[in-house]
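Here's what TrEMBL has on this protein:
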- ARG156: active site (ACT_SITE)
- LYS181: active site (ACT_SITE)
- HIS242: active site (ACT_SITE)
- ARG245: active site (ACT_SITE)
- HIS268: active site (ACT_SITE)
- TYR277: active site, O-(3'-phospho-DNA)-tyrosine intermediate (ACT_SITE)
- 15-107: domain 'Core-binding (CB)' (DOMAIN)
- 121-290: domain 'Tyr recombinase' (DOMAIN)
Amino acid sequence: MRIDVGKADKNVLEAPPEEVIEEFLSALEAAGADEKTVKSYRAALYDFFNFIGWKKLKDITPEDVKRWRIERLRRGFAKAKYRDRRSRQTTLYYYSMFLRRFFEWAGLSIEVPRVKKPRRSEVETLKPEEVIKLFEAARDSLDLLILALLLETGLRAREALSITFADIDLQNREIRVRHGKYGEERTVFIGPLTYQLLLHEISVRRPSPHERVIPLSYAGLYKRLKTLAKRASLDPSKVRPHVLRHTFATEALRRGMNIVALQKILGHKDIKTTQIYIHMLKEDIKAQYMRIFMPNQVAQGANGPTPQVLLMHTYTTLTQNPLGTQGPTPLHTVQGDNVPNHVLTQQIGVHQAMTSIYPQVMTSTIAGYSSSSLCPNCRQIIPLNARFCPYCGTPLSTNRPTT
């Protein structure tokens with residue numbers, strides 16, 4: 001989404017570049033760019049001007065741009081987390097785009113050639129057994145809530161960290177996302193694991209409506225997940241908030257959610273972004289092909305064939321009962337590409353679809369927190385059998401009352 005920042009005054013070509021950059025970033029912010037976007041532009045512009053020795057804009061030449069691009073493609077960026085060629089090329093792709101936008105705003109007629117964007121690498125997801133290991137490695141209710149929330153809603157890390165208890169509607173099993181990536185609000189739905197944990201958290205601890213559900217910084221969330229990965233004997237580099245988001249999306253598609261509904265839940269502007277998850281379901285596509293063209297070779301399970309649902313042809317949606325009705329509504333399956341409008345307007349019962357994905361988590365790990373108590377020191381929820389508070393380290397009596 002291109003943000004219109006207008007044009008700068010002509011005198012910026014003579015002004016100190018630091019002042020010009022900050023003026024541009026202020027215009028960017030005033031035009032509605034979020035904090036992350038402004039930070040990315042600042043990093044790109046400071047990198048370029050550091051390289052050329054902070055020349056004034058009027059003194060910049062096409063050769064400066066060429067040398068910067070060649071050097072960064074060869075040697076990479078000083079503060080880059082990854083140093084491989086693909087990462088260098090990806091960063092240069094975005095930095096060149098940001099520099100081009102800055103030059104346009106400043107009225108500087110120097111071409112910044114486009115960098116070929118690397119092909120998207122395969123999206124990482126967690127296997128069900130890896131998810132179970134993470135839940136089993138949880139040390140406290142916050143660990144469990146982080147895992148459940150990200151795996152059952154597909155929220156981005158910053159979205160999850162911004163949610164307060166005022167945004168939670170347990171009765172309708174909805175979460176209002178006020179701070180989406182593009183500044184737009186949307187609704188996501190509370191799955192069974194998240195529901196149990198939130199219900200217990202609210203009923204036992206009674207938090208303030210304006211208290212954040214996950215009271216961590218961005219770095220703190222990453223650290224929690226890395227620690228969980230190590231405790232679960234998983235590769236820490238693979239356990240990241242966005243990997244949990246990918247895992248949610250892939251499982252939702254695999255279990256029959258239509259791609260338009262998934263787009264709305266994930267908060268994607270373009271459905272092409274959501275379609276990357278379809279490409280991941282190679283085995284599901286193969287099973288669909290085998291069932292249609294080679295039915296005699298489809299493997300028979302213990303209870304007969306287990307066909308997969310390919311969403312490009314069969315859309316399966318779950319809708320929640322209106323308040324006051326009893327029992328779950330049946331699955332509604334729509335053949336073809338016509339998705340009814342009610343799919344996008346009614347509550348999508350994601351929690352119904354997700355219930356069978358990690359049943360052992362519900363019956364074992366989460367169950368351990370159904371009988372719990374508060375730490376007498378820090379007032380956090382702790383497991384019934386804990387000998388020390390996992391938050392403050394206070395020794396605990398084994399005869400304390402349960403909730």
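The backbone N, Cα and C atoms fix where each Cβ goes, and this holds for glycine too.
From a predicted model like this one, the values you see are computed outputs, not experimental measurements.
Put simply, ARG156 is the one of the active-site residues ARG156, LYS181, HIS268, TYR277 whose Cα lies nearest to the Cα of ARG245 (active site). Using a 10 Å Cβ-Cβ cutoff, HIS242 (active site) registers 13 neighbours.
Recorded residues HIS268 (active site) and HIS242 (active site) have their alpha carbons 14 Å apart, per Cα-Cα distance. Every protein chain considered, the tally of other Cβ atoms within 10 Å of the Cβ of LYS181 (active site) stands at 17.
Here TYR277 (active site, O-(3'-phospho-DNA)-tyrosine intermediate) is positioned 19 angstrom away from LYS181 (active site), judged by their C-alpha atoms. Helix, strand and coil content of the domain 'Core-binding (CB)' (15-107), in residues and according to DSSP, is 70 helix, 0 strand, 23 coil. In the three-state DSSP assignment, the secondary structure recorded for ARG245 (active site) is helix. Using a 10 Å Cβ-Cβ cutoff, HIS268 (active site) registers 18 neighbours. Separation of the C-alpha atoms of HIS242 (active site) and ARG156 (active site): 7 Å, rounded to the nearest whole number. Under the DSSP three-state reduction, HIS268 (active site) is assigned to coil, being neither helix nor strand. With respect to Cβ neighbours within 10 Å, the active-site residues ARG156, ARG245 differ, and ARG156 shows the lowest count.
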